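> Below is the structure I would like to discuss, written out as structure tokens.
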Amino acid sequence: MCQVTHKIMDSLTASTMWMIPGQNQSWVSEFILIGFSSDPTTNSILFIVFLLSYLSSVLGNGLIIMLVCLDTQLHTPMYFFLSTLSLLDMSYVTTTMPQMLVHLLAHSQTISFAGCWLQMYVFGALGMTECTFFVVMAYDRYVAICYPLRYTVILNWGLCIRLAGGSWICGLFSSLLHTFFTMSLPYCGPNRINHYFCEGPSVRSLACMDTHVIEMVDFVLSVFVVVIPISLIVASYIRIAMAILKIKSNQGRCKAFSTCASHLTVVTFFYAPASYIYMRPNSSYSPERDKQISLFYNVFTALLNPVVYSLRNKDIKRAFLKVMGHGRLAW
């Protein structure tokens, strides 16, 4: 039985390799995503759980975008940034979840080399854009609390659009470097990725050459898109904390702090696992642990954001009731 299994696996691997003319070396033409389990019953349960999580994430973030667009009272810098974050989260989770849901029920878990390249780039671009965008949201809170009377003057619409656009450009360019260097490595087998999507470190572990230089490139990129943004966010909140402590009334302090609590919660749940995945040494790579951590910051944060921002936000609740035709109850 074991010999038959090995023969089947060898034949599957061989069918996903192609030869370079004039060279005695084969290259992977597609990858196999192992996912979480090979047990059909377990996969069926996971399918239901992840389907509900995905639908909740898309509906929750989509609802925030719709409310911000429809309610003119939410046409402020804060809610512009919040709707942009929701768009990022909705796109972020859509990059990986639909394919994972298909693979949970399908017999084949293959993805082409080009498809893996594209998924890695889009996922990285959205993730790195979000890393930078959290700094923009921290700056928004800094201006709102430290300079409340000049808030709309400082954060005018022109500056808001430039800050959001700059975050997108930074994410797209950084991900291009990360994906290019990772996928330029030679992959000559095996082609089985112990993950549920094409994440850089998991794919890179299959390369048939030393990846030390690529790891250094990734580390430098991580400094720019993780360490520097975290440092700027911490600096912003130190200034915010100093401004809040100067507020005399306890009610004013609580109100100022509550406007930052949602952002701090989301930032913590996003940066902590992402920092571990992309900044830890390759020697500590653990496929099973990395899958669970990636699931946390890919799926859980996208599901968490609408809950955190809507439950703690009276304006979002009022806008929802107004759109649903219960404006009087909101007032």
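For all residues, glycine too, the Cβ spot is worked out from N, Cα and C.
Note: TrEMBL annotation is automatic and uncurated.
As annotated in TrEMBL:
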- 45-70: transmembrane segment (TRANSMEM)
- 60-309: domain 'G-protein coupled receptors family 1 profile' (DOMAIN)
- 77-97: transmembrane segment (TRANSMEM)
- 117-139: transmembrane segment (TRANSMEM)
- 151-177: transmembrane segment (TRANSMEM)
- 219-244: transmembrane segment (TRANSMEM)
- 256-274: transmembrane segment (TRANSMEM)
- 294-311: transmembrane segment (TRANSMEM)
> Could you please provide the mean pLDDT value for the domain 'G-protein coupled receptors family 1 profile' (60-309)?
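Over the domain 'G-protein coupled receptors family 1 profile' (60-309), the predicted model scores a mean pLDDT of 87.
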> Mind checking which residues of the chain, 6+ beyond the ends of the transmembrane segment (256-274), have their Cβ under 8 Å from one of its Cβ atoms?
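For the transmembrane segment (256-274), the sequence-distant neighbours (Cβ-Cβ under 8 Å, at least 6 residues beyond its ends) are 85, 127, 130-131, 134, 137-138, 141, 144-145, 226, 230, 233, 237, 240, 243-244, 247, 293-294, 296-297, 300-301, 304-305, 308-309, 312-313.
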> Hey, which bits of the same chain come close to the transmembrane segment (77-97), Cβ under 8 Å, at least six residues off its ends?
50, 53-54, 57-58, 61-62, 64-65, 68-69, 119, 122-123, 126-127, 129-130, 133, 136-137, 140, 144, 151-152, 155, 157, 160, 164, 196-197, 266, 298-299, 301-302, 305-306, 309, 315
